[in-house]
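Input: a single structure, listed below in structure tokens.
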Amino acid sequence: MEQLTLNPIGKINGEIFLPGSKSLSNRALLIAALANGVTKITNLLVSDDINHMLNALKSLGIEYTLSDCGTECTVIGNGGFFNAKKPLELYLGNAGTAMRPLCAALAASEGEFILTGEPRMKERPIGHLVDALAQLDADIEYLENKDYPPVKIKGKALTGNTVTIDGSISSQFLTAILMIAPLLETNTTIEIDGELVSKPYIDITLDIMRRFNVSVQNNDYKSFIVNGKQSYQALDKYMVEGDASSASYFLAAGAIKGGEVTVHGIGKLSVQGDKHFADVLEKMGAEIHWKDESITVIGKPLTAVDMDMNHIPDAAMTIATTALFATGTTTIRNIYNWRVKETDRLNAMATELRKVGAEVVEGKDYISITPPKSLKHAEIDTYNDHRVAMCFSLVALSDTPVTINDPKCTAKTFPDYFDKLAQVSC
């Protein structure tokens with residue numbers, strides 16, 4: 001097993017230009033593929049999850065050209081749903097941002113499809129999405145375990161209807177239905193059962209749909225009305241914002257050991273909810289300065305917070321390791337959906353935080369972290385989860401080194417993360 005030991009970092013200072021957002025990159029690729037016309041996507045994220053989407057689109061007959069560096073992609077739209085001449089099996093790794101939207105899009109396409117992935121993907125629920133698609137008369141069969149991939153889809157023309165969808169596990173299920181609904185023949189009303197998690201990710205979906213000329217009526221996130229017979233219209237250029245979740249590690253590092261750190265690619269104008277990670281740092285004591293497309297943090301002594309972080313579920317993981325440098329006990333609440341991500345992140349974070357000496361309480365949907373007087377050197381297991389690896393790199397901001405097992409798992413969203421961290425480390 002490969003390991004990376006990070007020696008103690010004395011100070012953090014500098015500027016970071018963020019890679020493109022994973023959430024926006026895969027949404028943009030799929031919508032551009034369904035659109036009328038040719039779209040040029042810039043600042044596309046170069047990562048495993050994006051490669052899985054690109055490979056799937058190629059198998060589905062979508063033509064695109066990718067720049068040598070991988071950050072620009074020109075997509076020739078299909079002008080609607082896909083049409084596969086022969087049965088296809090699409091391997092999507094552990095990319096939820098590919099699995100869920102493609103499941104919906106292929107249910108409304110012509111052809112037979114199997115969607116599968118790596119072992120962890122087969123543990124990530126998809127049942128609520130399949131149940132919702134069944135209300136549109138989709139034909140989807142579980143091939144191994146009920147409610148989980150792999151699935152077999154017999155695609156056909158779907159008609160709009162009133163759909164009830166459980167919003168309590170993942171916002172990606174709603175995103176998937178929203179993205180296909182405008183292309184159906186009749187109108188669709190989507191009603192949310194329970195509390196909708198991760199609302200900012202729905203805002204991302206609605207924003208990109210609007211950019212591609214499709215409208216949705218949002219009734220306070222309790223229901224959505226989508227007119228049928230709409231079509232996505234290609235954009236000459238769509239620039240993917242920097243990844244706000246990836247920004248969190250550098251912002252936290254600046255808050256802990258700054259110096260001054262500026263991240264470019266997100267700011268006041270960003271559509272991503274994870275930009276509000278900076279607000280949490282400010283509540284903990286950091287000094288934050290906002291511009292339209294950048295955020296600057298200046299390090300100050302940090303104190304613990306007790307907050308509902310359902311609105312920033314990915315970035316909230318970074319607060320769990322930032323808590324190691326704050327005075328008092330930090331509690332992160334309403335984060336049950338950590339359990340259905342790339343790994344059971346609540347359990348993983350609790351386990352690894354204890355290794356470095358923290359006192360941790362792991363609840364069903366919350367975690368409390370009390371830092372030790374001094375951190376212990378530990379080998380951090382990363383569970384093939386990019387965010388666990390990046391979160392625990394912050395331990396090196398102490399007087400203690402940290403060893404990251406399987407550091408290349410960051411390739412899912414940020415292949416050169418450790419190089420970027422070194423650039424701002426003094």
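We number each residue from 1, going along the chain as drawn.
Including glycine, each Cβ sits where the backbone N, Cα and C put it.
Going by what Swiss-Prot states, the phosphoenolpyruvate site holds Lys22, Gly96, Arg124, Gln172, Arg345, Arg387, and the candidate of Lys146, Lys152, Lys408, Lys412 recorded there is Lys412. Distance noted between the C-alpha atoms of Arg387 (phosphoenolpyruvate binding site) and Lys22 (3-phosphoshikimate binding site) is 13 Å. Using Cα positions, the member of the recorded positions Lys22, Ser171, Ser198, Asp314, Asn337 nearest to Arg124 (phosphoenolpyruvate binding site) is identified as Asn337. Spatially close to Arg27 (3-phosphoshikimate binding site) yet at least six residues away along the chain are Thr97, Pro101, Thr175, Met179, Ile204, Thr205, Ile208, judged by Cβ distances under 8 angstroms.
There are 25 other CB atoms within 10 A of the CB of Arg345 (phosphoenolpyruvate binding site), with all protein chains counted. Distance noted between the C-alpha atoms of Ser198 (3-phosphoshikimate binding site) and Asp314 (active site, proton acceptor) is 10 Å.
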